[in-house]
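The structure appears right after this line, and notes come after that.
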Amino acid sequence: MDNTKKYIVSLDSGTTSCRTIIFDQNGNMVSSAQTEFTQYFPQSGWVEHDAIEIWTTQLGTLQSAKSRANIKSHNMAAIGITNQRETVVLWDKETGLPVYNAIVWQDRRTSEYCDELIKQGKANIISSKTGLIINPYFSGTKIRWILKNVPEAAQKLQEHKLLAGTIDTWLIWKLTDGKVHATDVTNASRTMLYNINTLEWDQEILDLLEIPREILPVVKSSSELYGTINPKYLSQRATAAVPIMGVAGDQQSSLFGQLCTEPGMVKNTYGTGCFTLINTGERAIFSKNKLVTTIAWKLGNQKPIYALEGSVFIAGSGIKWLRDSIKVIYNAQECDFYCGLADQEPQNVYMVPSFTGLGAPYWDSSSRGAIFGLERGTKREHIVKATIEAIAFQSNDLLSAMQKDIGKKINIMKVDGGASNSNYLMQFQSSISDVTIMRPTNIETTALGAAYLAGSASGFWKSIDELKKLNPIDKSFRPGLSKEVVNKKLKGWQEAVKRTFNWTNSI
């Protein structure tokens, strides 16, 4: 490997695994490493991660990817970090040890408290300041829960030893040996504590949730110098201090990675969940259709770019459920085969995968998963197909809400994430939503976005125009079903979703 050549390193800390991908000047993957980590479900509706395991897993992938690429620390121009959003960690700043497991974005334990806030009439205050709705999905009520329910957290707070942050903040703090306690605007905008108009932690909301400002990180742009990694984390002989220069939450990172840099451009990521974002430019559009307003990114001293976002909680994790829980598939790659098989004996089976409630545009944390339309002749392929179609139906719900908010039709949607590899899903999505689907050559655009942000700040790449040449479209999908068939399918889906509403409150 050329000893003088430079690379960008992207750390991608996801919901189920950590990855490191190393990119060259042409945006090509030089090497990668990925390792899954443990999911904990201590009670119904609770989801936790071990923050130390996330740290050691992420570090392990960094070292593995570096070793596979056969590069030295001085070959690394910069590091970008992207992460699962909303998931929070609270830790002792002296020992570096968490006071409790990380509470994951899927966790619903604060549902009752969120209902209380809504009954108190706080919904408008929260939405007008943060762009979000009151929901256990977001970080704020999770932080409050730890402060109220974990004695060690209260004790460390009293001793002024407590720090809090999302996963990006935790990794930055660990990589810099506790020198930097910071986050970026995109992650801050998902906490339900950050004012997206003033670009500051909102004191009124902090007081409402009883969260002291002192435990929260400094908020920086998505593309600037955060600090440098201790060389010991790269190798025993490493001496070069590699800068962290790009940070963004996974979905905003994906939007940037897809180069949706103009207002009106849309992307959908098919990962653990599904996340559809539309760039709205320098203007924050507040949704009338239960989408959330978020910061897409902020490049250095430039004004922030905003986005409308819809979130689906279960997408790829529904496929994982097919594989791991009910064991009807051996791996995700089999799904297209079974969908094709189901088409030979069609049935009207609908799967609503609301295992942890419904996200946008329903926001029903009491909904639970259900399968409708089962017959004596229903086979595994019909269940698989219904699960795949549910991903597209949920994404279509988001697109429909988005089109109402912006007042015009969306014609093109860029896609990425693991499940976008499914040609069956992409074709069905195109047909059901009446959009052209564009899938790039490299679908790892979340990691690519963090690389672009770090590379832009470090001068590795000089302009957006230069970036646009790096990841061409690999395949496009165009609508292929009649309007009559589409309307019938959508009617069945809407009926199925409706029947899952308010489930946990009614039994």
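Even glycines carry a Cβ here, placed using N, Cα and C.
Copied from Swiss-Prot, the annotated features are:
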type    : residues                                    : note
BINDING : Thr15, Arg19, Thr272, Gly316, Gly418        : ADP binding site
BINDING : Thr15, Thr16, Ser17, Thr272, Gly316, Gly418 : ATP binding site
BINDING : Thr15, Arg85, Glu86, Tyr137, Asp250         : sn-glycerol 3-phosphate binding site
BINDING : Arg85, Glu86, Tyr137, Asp250, Gln251        : glycerol binding site
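Distribution of Swiss-Prot features across the structure.
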residue: Thr15; record: ADP binding site; DSSP (3 states): coil
residue: Arg85; record: sn-glycerol 3-phosphate binding site; DSSP (3 states): coil
residue: Tyr137; record: sn-glycerol 3-phosphate binding site; DSSP (3 states): coil
residue: Asp250; record: sn-glycerol 3-phosphate binding site; DSSP (3 states): helix
residue: Thr272; record: ADP binding site; DSSP (3 states): coil
residue: Gly316; record: ADP binding site; DSSP (3 states): helix
residue: Gly418; record: ADP binding site; DSSP (3 states): helix
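Of the candidate binding-site residues, Arg85, Tyr137, Thr272, Gly316, Gly418, the one lying closest to Thr16 (ATP binding site) when CA atoms are compared is Thr272. Among the binding-site residues Arg19, Gln251, Thr272, Gly316, Gly418, the residue whose Cα lies closest in space to that of Glu86 (sn-glycerol 3-phosphate binding site) is Gln251.
Straight-line distance linking the Cα atoms of Arg19 (ADP binding site) and Arg85 (sn-glycerol 3-phosphate binding site), rounded to a whole number, equals 15 Å.
Highest local Cβ density among the binding-site residues Arg19, Arg85 belongs to Arg85, counted as other Cβ atoms within 10 Å over all protein chains shown.
Here the Cα atom of Asp250 (sn-glycerol 3-phosphate binding site) is found 14 Å from that of Gly418 (ADP binding site). Ranked by Cβ neighbours within 10 A across all protein chains shown, the binding-site residues Thr16, Thr272 are led by Thr272. Take the CB of Gly418 (ADP binding site) and look out to 10 A: across all protein chains shown you find 16 other CB atoms. Thr272 (ADP binding site) and Ser17 (ATP binding site) have their C-alpha atoms 10 Å apart, to the nearest angstrom. Neighbour density at the Cβ, taken as the number of other Cβ atoms within 10 Å, is lowest among the binding-site residues Glu86, Asp250 for Glu86. Checked against Gln251 (glycerol binding site) by C-alpha proximity, the binding-site residues Ser17, Arg85, Tyr137, Gly418 yield Arg85 as the nearest. Of all the binding-site residues in the record (Thr15, Ser17, Gly316, Gly418), the one with the smallest CA separation from Arg85 (sn-glycerol 3-phosphate binding site) is Thr15. In this record, ATP is bound by Thr15, Thr16, Ser17, Thr272, Gly316, Gly418; the longest C-alpha to C-alpha distance in that set is 13 Å. A Cα-Cα distance of 13 Å separates Ser17 (ATP binding site) from Gly418 (ADP binding site). Comparing Gly418 (ADP binding site) with Tyr137 (sn-glycerol 3-phosphate binding site), their Cα atoms are 22 Å apart once rounded.
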